[in-house]
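This report concerns only the one structure given below.
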Amino acid sequence: MAPWPEVEKPETNNYIGDSSKQNQNMAGKEGENHKGNVASLGNKGEIQPAFSTVALIDETRPEEDPWALPELQDTGVKWSELDRKGKIIRVLYGIGKFIMLLGLLYMFVCSLDILSSAFQLVGGKAAGDIFKDDSVLSNPVAGLVIGVLVTVMVQSSSTSSSIIVSMVSSTLLTVRAAIPIIMGANIGTSVTNTIVALMQAGDRNEFRRAFAGATIHDFFNWLAVFALLPIEVISGYLYHLTNVIVESFQLESGEDAPELLKVITDPFTKLIIELDKSVINAIATNDESAKNKSLVKIWCVTETNVTLQNVTAPSPDNCTSPDFCWTEGNVTWTLDNVTETKYISKCQHLFVNSDLPDLAIGLILLALSLLVLCSCLIAIVKLLNSVLKGQVASVIKKTINTDFPFPFTWLAGYLAMLAGAGMTFVVQSSSVFTSAITPLVGIGVISIERSYPLTLGANIGTTTTAILAALASPGSTLKYSLQIALCHFFFNISGIILFYPIPYTRLPIRMSKTLGNITAQYRWFAIFYLLLCFFLLPLFVFGLSLAGWAVLLGVCLPLFALFIAVVVINVMQKRRPHSLPEKLQNWDFLPTWMHSLEPWDNIIMSSLAFCGKHCCGFCKCCKVNAEQEGAKDNQLKSMEVYENTMAMADEERGGRRAPAVACVDKTGTNNTAL
């Protein structure tokens, strides 16, 4: 604390004396609480120490951990203080909230299903066309990005896997060439929960946790691909391992795999839209007649009859058998099986009688499903915030996030992995499960460290579902579909072995937290990340792969080497900066836009502000958010500055406020090159 300077003029003492009286009265009331902080005041003319604004601002305060789980305090009336009527009302409210939560979850899952159908209507035929180029599919890097793009387009790894199985069974693609595509499908399926995380961008800390919890899936998949794809290309270990397993069993076609969640959601989603997914498979297998067919299913109940009929043949060599071949004049006849399809009843969905093209229907469903998805997610988050308070929240947090006592601490993560696999097996979709836990991570019920094994378990659960579906395949495709499903399974197992058992190797946790911090500060970066990783980068690599191996390696290898060099230098700047040359100890020698997101943020925010003048609704939303954040900053500043009682007296008298000596720079920058 800095003392006031001594003053010789008595008239100045009069002013200070009045303030000293005020301080003396305050010290008399709160002297016991402030011993050692406020000195007892003497006579009228004495100048006593005052609280220094500079000292309060410069005082080192413990920084709050943004990743710490928030305490959801119960602000309502305690249960013990309620009368019988109040307890009954609270119980009824709880039951009503639980039913509402189930209804919102149901609509949330249905909207994900319709979103997948919308993506297939918009890009399903294009996805089928991508698979037609055999020369590109033989390139493992091109196969990887094709798997990413197709899965993003159809929003379903099971759909892309079924396309691959159809191509392998029709000898258009080998199993070994299909493995990189399966790896890409594993990456593409994680885009759904990343989109879901964008809906929590309203609160900065919630968005930080939710986006990190969603992208932890992305980082695991990308790291597993970077590590295992070169090994698979060189050794083919996944192909040989699964081939030995498939050949060692006497496989027979079984019953259909159980569809637990579809039984609940299909009655509603089939009233909205039904798709004929065989059209995409037909396009991928070079069936030209399928290009003019619509993906919208018209007839739901059909009957197929196969009859032996007399048909004409171009020549006797084309007869099915010499015994069933005869000639009448210039016409050759033979007996052949003819398939006839009878259309019995139409489907009952909204677009069964529509004349709109597939693209228009897909865009309509895309907009509606995103609207329902956002609304359900916002309502689920608010409902969970109102329910998960007090003892309920503490019990759930302890149950999910608490580790076992030593030496069984490691066991909790593997149990969480089993729980994630089991829940994914029940809902039969890793996208649904990871999208459901994303808001729970955002509001602080599940920690990032616990969401990681849950996500890994979801990867395992979706592969077990694929294995069951493969076992129900027809005899002609049973072997190939099972081998591809096993490749998917062992790929995820290999990734878990690399990036989970040793805590130091759990890189996706640290990477997702870093990205969460960046997106919490620059929220537009989340959309940029989504577009870059799932659209622009795969399209860029796919375009280079069309030009051949030479162009692909000539462009990608230098860029990849530059990326690795930047990562290594960033790590050394944080860990051992003195080992680097003086110029490389920071990135200040580069232009600001190359090592900081601040200039880009200024450009984007100014562009949005300009657009906001022409979009009233957007302008109002931005204004409200800016006012709320400004109010928080002003509140913090007032808490820092007005602790000085002398300054408070000046403020009351309308005097000039003392300028702040120390300024806290609240504008953070991201000091990462490129």
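Positions of Cβ are set from backbone N, Cα and C atoms, glycine also.
The region 'Disordered' annotation in TrEMBL covers 1-43.
Per TrEMBL, the feature compositional bias 'Basic and acidic residues' maps to 1-11.
The annotation compositional bias 'Polar residues' is assigned in TrEMBL to 12-26.
The transmembrane segment annotation in TrEMBL covers 91-115 (among others).
Taken from TrEMBL, the feature transmembrane segment applies to 136-157 (among others).
The transmembrane segment annotation in TrEMBL covers 177-198 (among others).
Residues or ranges marked as transmembrane segment in TrEMBL: 219-239 (among others). Listed as Cβ neighbours of the transmembrane segment (219-239) (distance under 8 Å, sequence separation of 6 or more from its ends, same chain) are residues 140-141, 144, 175-176, 179-180, 183-184, 186-187, 190, 452, 455-456, 459, 487, 490-492, 494-495, 498-499, 507-508, 511-512, 533.
Annotation comment: TrEMBL describes 359-384 (among others) as transmembrane segment.
What TrEMBL lists as transmembrane segment is 404-426 (among others).
What TrEMBL lists as transmembrane segment is 432-449 (among others).
Look at TrEMBL and you will find 456-474 (among others) tagged as transmembrane segment.
Marked as transmembrane segment by TrEMBL: 480-502 (among others).
What TrEMBL records for 522-543 (among others) is transmembrane segment. Outside the transmembrane segment (522-543) by six or more residues, the chain places 136, 141-142, 145-146, 148-149, 152, 184, 188, 191, 194-195, 197-198, 201, 207, 211, 215, 218, 222, 515, 552, 556, 597, 600-601, 604, 670 with a CB less than 8 A from a CB of the stretch.
Among the features that TrEMBL reports, transmembrane segment is placed at 549-571 (among others).
The transmembrane segment (177-198) makes contact with the transmembrane segment (480-502), as judged by at least three Cβ pairs under 8 Å among residues 6 or more apart in sequence. When Cβ-Cβ distances below 8 Å are used as the criterion, the transmembrane segment (456-474) is approached by residues 157-158, 161, 165, 186, 189, 217, 220, 251, 253-258, 416-425, 428-430, 433-434, 481-482, 484-486, 488-489, 492-493, 495-496, 500 of the same chain, each at least six residues removed from its ends.
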